[in-house]
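Q: Not my notes, these are from Swiss-Prot:
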- 3-23: transmembrane segment (TRANSMEM)
- 40-64: NADP(+) binding site (BINDING)
- 197: substrate binding site (BINDING)
- 210: active site, proton acceptor (ACT_SITE)
């Protein structure tokens, strides 16, 4: 009898979860305040990582930027400092013009910290994390964004590039999380964001290593989320970001069927990051951009494999990576010729 009652209770909770999820489509939850919180972003030197840094800077977060390229990382930091200076100038002007009863945001001593770190190397992650704890303090939000792509067919891809892709895109999530999660669990306070890809939910030809790494991120993130729930650490939030192809140059040359592309073009980086920020700031567990990706994921889960192949061929998604791979191969050959190899 006890299990029957529990079954009805679980059914009610499942239905209630659907109601709450549906309500969020009509009433957007209020964004949480990250002002003064330490937010660490990997791969901050370019692409989405840089845009994430600028968005968090506008929300007055203290930023810790990691990248393997110190020059590009400093360029991002300079952009962040410009935003901080603008915010402080606005605060000063508002404070000068405000009445005694008017509430004005406190002028925080906003700072940005840069660290050169190869997240594909475990020792580099752990040693840099120790420096962050010592020089900055405890990290509230960890945004795992760093990623690479080899751009080779499987049988033409050197083993070292396969290993590098797995290390940077997937294994780094384990190492950064192990470095910063203990303090979050101690405080029951924090947020872990995993930037994966739609190619971590469904795959295509020619990017076996990249797909495997992103599928790994999705599996890692989901298991971590369940582990935090099992440990009753409800104060630690997790968000999985799975965007469609983003126009950052990482997959330059990738093309689906030309008749379909106007309806499903590559995402603008700004749009992708703004959608992800909405999810992060409202503690949304997962976001796929565009929303059409949810439908594709559902169809992939229920349709026979041959039906999925037919859909891929119709959309031109079965060989969409081939032009990209050809461009990468041509660029490699040109560099070798230029260097006399």
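Glycine residues also receive a Cβ, built from the backbone N, Cα and C atoms like all the rest.
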Q: I'd like the number of other C-beta atoms within 10 A of the C-beta of residue 52 (NADP(+) binding site), please.
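A: Step by step: centre on the Cβ of residue 52 (NADP(+) binding site), count other Cβ atoms within 10 Å, giving 28.
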Q: Where does residue 56 (NADP(+) binding site) sit in the DSSP three-state scheme?
A: helix
Q: Validating a neighbour-count step here. Other CB atoms within 10 A of the CB of residue 56 (NADP(+) binding site): how many?
A: 25
Q: Using DSSP and collapsing to three states, where does residue 197 (substrate binding site) fall: helix, strand or coil?
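A: DSSP assigns residue 197 (substrate binding site) to coil.
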Q: Can you tell me the three-state DSSP label for residue 44 (NADP(+) binding site)?
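A: Note: residue 44 (NADP(+) binding site) is coil by DSSP, not helix or strand.
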Q: Would you mind listing, in sequence order, the residues at least six apart from residue 44 (NADP(+) binding site) in the same chain with a Cβ closer than 8 Å to its Cβ?
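A: Looking at Cβ-Cβ distances below 8 Å from residue 44 (NADP(+) binding site), excluding near sequence neighbours, one finds 50, 52, 53, 63, 65, 66, 67, 73, 76, 145.
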Q: I'd like the Cβ neighbour count for residue 40 (NADP(+) binding site), meaning other Cβ atoms within 10 Å of its Cβ, all protein chains included.
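A: The answer is 25.
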Q: Around residue 64 (NADP(+) binding site), how many other C-beta atoms are within 10 angstroms of its C-beta?
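A: Residue 64 (NADP(+) binding site): 28 neighbouring Cβ atoms within 10 Å.
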